[in-house]
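Student: Here it is: the structure, laid out below.
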Amino acid sequence: MPDITALAAFKDNYIWCLRQAELALIVDPGDAAVVQRYLQQQQLQLAVILITHHHPDHTGGINELKQLWPDAVVYAPALEQQKIPYADVWLQDNDRIELPDFSLTFQVMQLPGHTLGHIAYYSAPVLFCGDTLFNAGCGRLFEGSAAQMWQSLSRILTLPDQTLVYATHEYTLANLEFARWADPDNTKLADYQHWCQQQREQQQATLPTPLAVQRQINPFLRAGDAALQHRWQQHNAVDLFTALRSAKDRF
Ligand SMILES: [Zn+2]
């Protein structure tokens with residue numbers, strides 16, 4: 001299992017740092033200073049930067065880090081090339097990234113919805129999914145449609161139960177408030193909310209989270225559930241997902 005640390009940035013972002021010996025791989029460095037401080041403290045060399053999508057809280061540190069670490073290789077989604085300040089390698093769906101220094105191969109998954117070019121990086125069991133899937137929630141639809149986002153989440157649902165979801169925001173407690181309102185018959189939610197509250201009281205992240213847990217508690221992943229569709233008076237997964245997403249936006 002790779003050694004992965006959450007670096008807290010801004011109000012509620014996590015910048016993920018995966019280390020192998022003295023090398024570091026960083027995901028979505030919105031803030032270069034946060035990353036550089038950690039690298040110095042841990043005496044790590046920055047080797048790889050993975051970018052999931054173009055929003056500044058995910059890309060704001062790229063230029064400064066690339067100046068400090070010119071040999072670091074920056075990967076980013078090709079569909080967002082115009083909006084991302086810099087990358088060495090522009091990626092498309094199903095591209096593979098071989099990282100022998102980390103003994104890892106990542107598969108690129110195109111997951112439109114939050115933004116149109118959004119990608120995730122998967123190397124079992126690790127999924128760096130940016131702002132697509134959150135613990136107990138999902139990303140807002142800034143560019144894509146509800147149908148696109150449901151298709152993207154459905155693709156994540158094809159991954160194994162033991163997949164670990166490394167999302168980039170700690171929105172969990174607010175998401176769980178909505179989940180309990182939206183899915184009140186779900187008996188798993190109360191216990192899980194209690195566990196997450198304890199984690200946060202101890203300043204611990206509620207991420208990563210196993211996909212097996214998300215399948216049970218995340219209403220946005222349960223849009224295909226017949227009982228939940230019935231409760232919401234919706235007739236298919238896309239319609240329920242659409243209703244849930246717009247209810248959450250107003251919650
Ligand atoms: Zn975003």
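Each position is counted from 1, following the chain as shown.
Placed from the backbone N, Cα and C atoms, the Cβ positions cover glycine too.
Heads up, TrEMBL stuff is auto-annotated, nobody curated it.
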Student: Return the residue out of Asp93, Asp95, Asp131 that TrEMBL annotates for the same Zn(2+) 1 site as His53, His55, His114.
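Tutor: Among Asp93, Asp95, Asp131, only Asp131 appears alongside His53, His55, His114 as Zn(2+) 1-binding in TrEMBL.
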Student: Determine the minimum-neighbour residue: among Asp57, Asp131, listed as binding-site residues, which Cβ has the fewest other Cβ atoms within 10 angstroms?
Tutor: Asp57
Student: Measuring Cα to Cα, how far is His53 (Zn(2+) 1 binding site) from His169 (Zn(2+) 2 binding site) in Å?
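Tutor: Rounded to the nearest whole number, the Cα-Cα distance is 14 Å.
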Student: Taking every protein chain shown into account, which of the binding-site residues His53, His55, His58, His114, His169 has the largest tally of Cβ atoms within 10 Å of its Cβ?
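Tutor: Going through His53, His55, His58, His114, His169 one by one, the largest Cβ count within 10 Å is at His53.
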